[in-house]
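Following: one structure in structure tokens, then a few remarks.
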Amino acid sequence: MKIDLLTTLREKNPIAFNISNFVTVQDVANGINALGASPIMSEEKNEAEAMVQMADSVTINLGAFTEQQLTQIETVMTFANQYHKPIVVDPVAVGAVHYRLERCNELLDQKKVAVIRGNAGEIAALAGVDWQSKGIDAGEGTGDLVETAKKLANQYHCTVVESGKTDIITNGDAVIRVFNESDLFKLHVGSGDMLSSTIGCFVGVEDDYFEAAQTAVVVFDVAGEVVAKSMSQPLAGSFGPRLIDELHLIDPKTVEKYANFE
Ligand SMILES: Nc1ncnc2c1ncn2[C@@H]1O[C@H](COP(=O)(O)OP(=O)(O)O)[C@@H](O)[C@H]1O
Ligand SMILES: Cc1ncsc1CCOP(=O)(O)O
Ligand SMILES: [Mg+2]
């Protein structure tokens, strides 16, 4: 666990190119900016090469893609592979919508990605493991969460972050479990999108994507935990802005103090 990557990130201010969704794009942009990276979003295929050339990483969120945006996504991922820029994929609701699963499988079969970050339902769907997803949420299942994440990581030779009460991070062999968590994450639509984009920020400054993902998850989860502990009641509308506040304020010593992982 390289917690000092947070200092490196704030020194380098990496450009994090995000193809986002209209639901959470502002939270994602503000979370990246607060953390210390530099967000840029685009929906225009014709500027894909320029965007990828200047970016340190690319995060692809499949939350609300259209047929036209899928063409932009394919173009961006092609340039990201060509220019050796790490790609993070957030496969929103692929466990609930077969069309999305098919498109995401095609992208993963054709392009090289650094990290896939999803909830248990999304990771299980991509790994071909039986699970009952529920819309954008994890849903229910009996599959082994660790084996499912490892299977997908080995399927695409990448790092997988399977988020949940315990976040599971694996490169297909080693496994890190992060126990920091807060129920308030579930109250805030966009928590997963923000986690994926946070991972995008860290893979932009660290070539060991397994390490980068670990630090991103711990920083993000500890930030959420610190905010939740400061709130006397679960205020759904306040958690998001306070999480962005904490992503700006949190320092490596606080992360070190509260980090709970194995
Ligand atoms: N049941 C839970 N209890 C506490 N924290 C959770 C729970 N599920 C997810 N989280 C946290 O919420 C954040 C977003 O993860 P998740 O909700 O799984 O993604 P998504 O929003 O894409 O479904 C992660 O930091 C994760 O640790
Ligand atoms: C509600 C919704 N619909 C399409 S994308 C989206 C946001 C999903 O955000 P998260 O997966 O972080 O909860
Ligand atoms: Mg999600």
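Keep in mind that glycine also has a Cβ here, set from the backbone N, Cα and C atoms.
Bear in mind that TrEMBL entries carry predicted annotations, made automatically and left uncurated.
Taking Cβ-Cβ distances under 8 Å and a sequence separation of 6 or more, the neighbours of Gly190 (substrate binding site) in its chain are Val23, Thr24, Asp27, Val28, Gly240. The annotation substrate binding site is assigned in TrEMBL to Met41, Gly190.
For the recorded site, Arg117 (ATP binding site), the DSSP three-state label reads strand. Taken from TrEMBL, the feature ATP binding site applies to Arg117, Ser163.
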Inter-residue Cα distance where the pair is Ser163 (ATP binding site) and Met41 (substrate binding site), in Å: 24
Using a 6 Å cut-off on Cβ distance, which of the binding-site residues Met41, Arg117, Ser163, Gly190 come close to any atom of ligand 1? Ser163
Other than its own, how many Cβ atoms are within 10 Å of the Cβ belonging to Arg117 (ATP binding site)? 30
